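Record features, source Swiss-Prot:
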- K205: active site, proton donor (ACT_SITE)
- T13, V14, K45, K105, G302: NADPH binding site (BINDING)
- V14, V33, G302: NAD(+) binding site (BINDING)
- V14, K45, K105, G187, E190, G302: NADP(+) binding site (BINDING)
- E129, V132, G134, I136: Na(+) binding site (BINDING)
- 350-426: domain 'ACT' (DOMAIN)
Amino acid sequence: MKAIRVGLLGLGTVGSGVVKIIQDHQDKLMHQVGCPVTIKKVLVKDLEKKREVDLPKEVLTTEVYDVIDDPDVDVVIEVIGGVEQTKQYLVDALRSKKHVVTANKDLMAVYGSELLAEAKENGCDIYFEASVAGGIPILRTLEEGLSSDRITKMMGIVNGTTNFILTKMIKEKSPYEEVLKEAQDLGFAEADPTSDVEGLDAARKMAILARLGFSMNVDLEDVKVKGISQITDEDISFSKRLGYTMKLIGIAQRDGSKIEVSVQPTLLPDHHPLSAVHNEFNAVYVYGEAVGETMFYGPGAGSMPTATSVVSDLVAVMKNMRLGVTGNSFVGPQYEKNMKSPSDIYAQQFLRIHVKDEVGSFSKITSVFSERGVSFEKILQLPIKGHDELAEIVIVTHHTSEADFSDILQNLNDLEVVQEVKSTYRVEGNGWS
């Protein structure tokens, strides 16, 4: 029976994992799709480098188009990263009638819609399960398992680096900079951690999730982003005192025809399932009108978890090839994109304020909120050590719009009794959904 022949772009951590799974699981793959899988060509940087996997020398090449233009290659698997140049490689592969599997979240967040259209036009499949949450099969779940439902909300911990940092800050009461260095030493954070800690990595993944979950062409620029680098020990301490856990949460929510997508530090009730996701693990919480609340949990990165998702996509492509139904791996968007304005986005808010500790300060602050019709769910007022003339007020509001909350912050900063608004965070998950 004719083998399916794979061309692999990249033989790093994930690429080596892909080769290992294909080599070690031949019997399983044969049983799944009824034909063997062979690795025909592999792009590498250095032909002489010692590798963790055993491949014949004639399979290796340093020229990308040796893989893409090889007439014997049926499926191109891309694990080299990059955006602009890599996009062209995949477009050329699709135009050469080769199916594509990619783990590239950066590429799919920016050019996903274009690549899906290119695949359909050429009668080819493109799969990208590994681009979001590594070993968690969340994209296929949205596209297939929950395809009959209407998804109204997704909340995700989709960046392992920031979850590791926040877990350590909470459990060990360690400052941000100290935990970041530990994460770098352990290999969880890059030497330049900006993409992770400022929320950009998570934003790319949320754009992909929202695109599939809401069937709209959601782009990276549609995602509002705030990272974790400004979170302080005091923020962590006060949130715990009020019964919340700080997480970097990607939020995608639909109300009627409008959606919002954001990534930001968020306070969740301690009893919320996402609050129990620790260290480098990922999880995605999904709410559907029919299914209700579901959550998907697992490793968000790493060689073998990510490679497992890549090879699972390869199996999906192979099955489609055997059945003659390629070119329809993903359905196009059903709806026109319609993003919420700040006046449409409602949430509870947490804020810490340093104020003058004098008669009338609190009433002046509460009047700012009451003018906007915003009430309080929780309030703390405490002295500030070493500053007898000041007090700290911590407030959790009831639901208010982003537009009203922005005006409230401006009016608070204009008050003579307010020394500084120290921090603000969104609060989610009271009642879970």
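Placed from the backbone N, Cα and C atoms, the Cβ positions cover glycine too.
This view paints the features noted in Swiss-Prot onto the structure.
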residue : record               : contacts (Cβ under 8 Å, 6+ apart)
T13     : NADPH binding site   : S303
V33     : NAD(+) binding site  : I4, V315, M318, K319, R322
K105    : NADPH binding site   : S131, V132, D201, R204, K205, I208
G134    : Na(+) binding site   : G160, N282, G298, P299, G300, A301, G302, P305, T306, S309
I136    : Na(+) binding site   : N282, A283, V284, F296, Y297, G298, P299, G300, S309
G187    : NADP(+) binding site : none
E190    : NADP(+) binding site : Q184, D196
Cα distance (Å, whole number) from E129 (Na(+) binding site) to K45 (NADPH binding site): 25
Output field, Na(+) shell: CB within 8 Å of site CB centroid, site E129, V132, G134, I136 dropped: A130, S131, A133, G135, P137, I138, L139, N282, G300, T306, S309
Separation of alpha carbons, E129 (Na(+) binding site) and V14 (NADPH binding site) (Å): 13
For K45 (NADPH binding site), the number of other Cβ atoms found within 10 Å of its own Cβ: 10
Packing count at G302 (NADPH binding site) (other Cβ atoms within 10 Å of its Cβ): 16
Position of peak Cβ density within 10 Å, selected from the binding-site residues V14, V132: V132
